[in-house]
Each structure stands twice: as C-alpha cells, then as structure tokens.
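Over in Swiss-Prot, the protein carries these features:
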DISULFID  65-128  disulfide bond
DISULFID  181-228  disulfide bond
DOMAIN    42-144  domain 'Ig-like C2-type 1'
DOMAIN    160-244  domain 'Ig-like C2-type 2'
SIGNAL    1-19  signal peptide
C-alpha cells in the first residue's frame, strides 16, 4: 500500500493536473488507503449544527459546527452558495505515514465562522459543510440583521481567530496523529502539551504550514490536552484538543 501511495503522489507531481483532476486523484487515494487500513467503517455526523438567528446591526455573531468523523475530515463555510472560509483539502500526508498498518483516525472537529460586526450585507443563508473523503454532511441557517447600517471597526489589524480545530482525536499507538488548528489569517504558531511548550527540535513533532501539529509514533504518555496558540502583534487566540492514544490489538 505504501508503494501505491508513493506511486500516485509521484505521478501527480510529474504530471500537473487540473484542480478537478487533482481532487479526484486525492479522493481516490484516500478511499484506497482507508479501505485497507481503517479499523471501523467511515462515518460522518454533525453533533452541533446551525440555527436561524436574528441580530441587530453592530452585534457580534459566531456560527459553530461540531462534527464526529471517521476518518478525520475538514469543515468549510458557505454563504448563499459561495465559499467564504476553509477548504476541502484532506490530510493525505498522515495517511501515507500510517499506510503500513491499521488506523483509527477518529475524533471530533469543531469550526466557527465569526461576524464581528453584523451589517445588512451579512443577511443570508450560511452553511457549514464537512467532508472526510467518503461522505459529506452540512448544516445551514438563515441570519437576519435588523436595524440601520452602522460603521464597523476594521478587523485588518486584529489578533488571529481560531476557525477550525480538533476537539478530540483517537489514534493507535505508534501511528502518526495530526491535531488540527487553523486561523482566519496568517499567524505565528506555538503548541503546548499540558503546561509545557512543545519542543519541535525533538524530531517527533512537526508544525505544519497550516498551524496543525503532527506527532509521529504517538505513545500512551502523549495522552492529554494540547493547546494551539495563534498570535501576531495584535494579540492571540487559543484552541484546545485532547489526544487519546489507543492500544493495538495483537492477533
């Protein structure tokens, strides 16, 4: 299976594909890996969705979705059918790292979309969409805004806001596990395990460009709370997740 993964990725690199062809190739690779290595059937369920809401101009609104997913998925947002936050990119890198044996790749992902100062142009139908390469689920709500248009403070010079993160993650010991943490803008990233800053020089931890944390060969001692910190010169935002390493069953 590892050779298949490498061959597919090499072919993609050697022969640039259109975005549609690329998505199809990655999707096929995901299904191929998961069909062989997942310990349970793929599943995807929204456990906290959206509700219609009416707010006054100038109010802050936060929309949130929580999703239980096997394998790990991603969440993106749409307004009136147009994507406004996030993407459909799945974590193929972790799958390739774990392609030599069984994987659990299960947990809860949470995502939020923030309207810091509601105005009339924010009226519309909002949708959170979750996908894991096998299924797609969504939750939608209508946001109504009442009142006269107000002048809102610019958010350009603001601290980053965490927009998607892993709330909990289950994975077999000795496998790699990725803890998701994404922000609404470019940010500097730090990660902590319990009360200690993670040492990226140790070789087991890798900070991915997206802000995610990759942990190689997780052990029982890695169980606990992890905190991601996205920061810039204007401030910071934090997310928290819990990692559950599980024992491999020896036949």
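Just so you know, glycine gets a Cβ as well, placed from its N, Cα and C.
Cβ-based neighbour count (10 Å, all protein chains) for residue 181 (disulfide bond) stands at 29. On a Cα basis, residue 65 (disulfide bond) lies 19 Å away from residue 228 (disulfide bond). In this structure the C-alpha atoms belonging to residue 128 (disulfide bond) and residue 181 (disulfide bond) are separated by 17 Å.
As a whole-number mean, the pLDDT of the domain 'Ig-like C2-type 1' (42-144) in this prediction is 96.
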